[in-house]
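Worksheet for the structure shown next.
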Amino acid sequence: MQATCSHLHNLPGTGGSETAPASHCAHTVRMTGEGSCHHPGDIHIQISPVPGECGESPSPRNLRSGSQSNTQGCIHGRLRSHSHNEARQPDDATMEPGENGSSSISEFRCLFHWLQKSLPYILILCVKLVMQHITGISLGIGLLTTFMYANKSIVNQVFLRERCSKVQCACLLVFLAGSSVLLYYTFQSQSLYYSLIFLNPTLDFSSFWEVLWIVGITDFILKFLFMGFKCLILLVPSFVMSFKSKGYWYMLIEESCQYYRTFVPIPVWFRYLVSYGELGGSVTGWSLGILLGLLYLILKLLDFFGHLRTFRRALRIFLTRPSYGVTASKRQCSEADDLCSICQAEFQKPILLICQHIFCEECITLWFNREKTCPLCRTVISDHVNKWKDGATSSHLQIY
Ligand SMILES: [Zn+2]
Ligand SMILES: [Zn+2]
Ligand SMILES: [Zn+2]
């Protein structure tokens, strides 16, 4: 068909891109004018991506700016049409433009239609799945709400400082310990607590959901454990441990918790990955399992070094307790009108930052738990945010 065509076809490689739009557009105009041109493939030119520019008379501006897109669009359209012609009847080819133009929409509509039709069946399946895993799901919801409640209470108590209620802290501690013990007592037969200390609990290692369940539960229990430590710190009277050093302890506990939780799921997942599965004891299944296990270990090792840096920084902060500034003198305080701009009261243990602004020690410590800069002039004072000094626990679920 290409060989017999007498028009100025712009085939790839034969025409320069500068002259392409002109020749193509001339062809289009002539074609629509004549009625005798009978190769249906060329009809496709009219649905090329830039039909508006094709129809225009070629001006010098169009030649320069639109030449590349025009050429590509038209070649594309024409190559498609010629290849279609080999397989299809000319009648079919005329049906093409509508379908082609809205193919993505019609695909979407098709998918939507399928979803609409199969929605009742999906719902039935969902209900069945929920019924099957009702224990696991309700347990997960229970653990999540327990975690959120305890986390919020601890942050509240830390925020209250001297006015925090010791009774509530003790209750929280008992609550966390009780729920952990109850959970492990309920699933005594599986000895889930083994996975807390890198041992493998007794479970079916070929079941993905069971492994996921174990890892999730262990993660929550570890969070509860470290939250319990935070409650203990809260219970320490303030004349033994100042509010400021308690903040450093919360930070250290939280960083250790996150660090430890990264490694706890390793034995369980490793056992799961190297287990034979459906391939049985064949060499392929065995070597694939080993390969996956090794890949997992390598990823975990990389994770280890990434976390090590964070942990060491936290440890350094904990040990050195860096100060944000120097103690301000009486004269400097009176120059600042003896008024802390955070608490709007007289300075308590005034601290002079490097930007010469003065704040109470407690006020500015609380501020730097969230920010890196001076609250007045935005000078960068600290190179990191002491995220976990407010007693919060990360809600990140370490499931891998
Ligand atoms: Zn032609
Ligand atoms: Zn203040
Ligand atoms: Zn400042």
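Just so it is clear, glycine is given a Cβ too, placed from its N, Cα and C backbone atoms.
The following features are taken from TrEMBL:
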{"type": "COMPBIAS", "residues": "59-73", "note": "compositional bias 'Polar residues'"}
{"type": "DOMAIN", "residues": "340-378", "note": "domain 'RING-type'"}
{"type": "REGION", "residues": "1-22", "note": "region 'Disordered'"}
{"type": "REGION", "residues": "48-100", "note": "region 'Disordered'"}
{"type": "TRANSMEM", "residues": "121-149", "note": "transmembrane segment"}
{"type": "TRANSMEM", "residues": "169-187", "note": "transmembrane segment"}
{"type": "TRANSMEM", "residues": "207-236", "note": "transmembrane segment"}
{"type": "TRANSMEM", "residues": "286-306", "note": "transmembrane segment"}
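The stretch from 121-149, 207-236, 286-306 with the most CB pairs below 8 A to the transmembrane segment (169-187) is 207-236. Sequence-distant contacts of the domain 'RING-type' (340-378) (same chain, at least 6 residues past either end, Cβ-Cβ under 8 Å): 243-244, 247, 323-328, 332-333, 384-387, 389-390. The DSSP breakdown of the domain 'RING-type' (340-378), given as helix, strand and coil counts, is 8 helix, 7 strand, 24 coil.
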